[in-house]
Amino acid sequence: MGGLALTPYFKGNLTVNPVLANFWGFPLYWYGLTMTGAVLAAFLWWRRRTVAKLGEVHSIDLVIWLVLFGLIGARLLFVLLKWSEFSALPWWSALNLHSGGLSIHGALIAGILATIIYARRYRLPIFSLLDLLVPPVILGQIIGRLGNFFNQEAFGGPTDLPWKMWVAPMFRPDQFIDQAFFHPTFLYSMVGLTAVLLIVLAVERRSHIAGAVFLTYILAYSVERFVIEFFRVDSDRWSVLSLAQWASIAAIMIALSISLIWRGIPPKKI
């Protein structure tokens, strides 16, 4: 049904309005609503998975840490990557999330850091916590990708494929201003992330090693993101690859290195 509902927007018969509604002069953005829904869905699944294992307090407190760290990390990395644009704007523009502007890599790095700090503070097994977090995080990513559609951002290059997506002129890159239809990379990401979710759930059922689910996620998501980046036209680039692709390569190397180290004495699940 979701695909059918989006069809008129893909064809250009309907135009996406980033603002859902206005309440007493305050706009409610689709992007913000989508991100809120993503966090809520991830939280509900996390609670269902962890209350019995961690208890009521930890299942809520860790999420608070993750939301705060994740939001700060996601926005901070985005601003740093776009510093040439933000340096010419008032400082408070870096705090304006109404129109989007979050980096998933920033959120993941900050989230992992928050989990490590929290686990050490309360003497909880770090990799077991990370394993528990992975599936809900992926669910949040899948839902969150819809925010790119509502913001008309993070799409791919021009295409004439049957599933092409119409993009309003105001959101088109200057070099493609005369093109109307583009690759719906948000949809590609949702499909790819769904595959990643199925993979990590399969590993979770079969593996008895703490950290196996987490490392599988890092590897699978990095490969997925690396491939998707070839379709994107708005990514910041360094040499022949985008910054996200370089980050994916680094993540793959780190995950593989940890896997090789664990071949000797892998940590056991608790």
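Cβ coordinates come from backbone N, Cα and C, glycine included.
Copied over from TrEMBL, here are the features:
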TRANSMEM  28-46  transmembrane segment
TRANSMEM  58-81  transmembrane segment
TRANSMEM  101-119  transmembrane segment
TRANSMEM  126-144  transmembrane segment
TRANSMEM  180-202  transmembrane segment
TRANSMEM  209-228  transmembrane segment
TRANSMEM  240-262  transmembrane segment
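Across the candidate stretches 28-46, 58-81, 101-119, 180-202, 209-228, the maximum count of CB pairs under 8 A to the transmembrane segment (126-144) is reached by 28-46.
Residues 10, 12, 134-135, 138-139, 141-142, 145-146, 148-149, 154-161, 163-167, 172, 213, 216-217, 220-221, 224-225, 227-228, 231-233 of the same chain lie 6+ residues outside the transmembrane segment (180-202) yet bring a C-beta within less than 8 angstroms of a C-beta in it. With respect to Cβ pairs under 8 Å, the transmembrane segment (58-81) is most closely packed against 101-119, considering the stretches 28-46, 101-119, 209-228.
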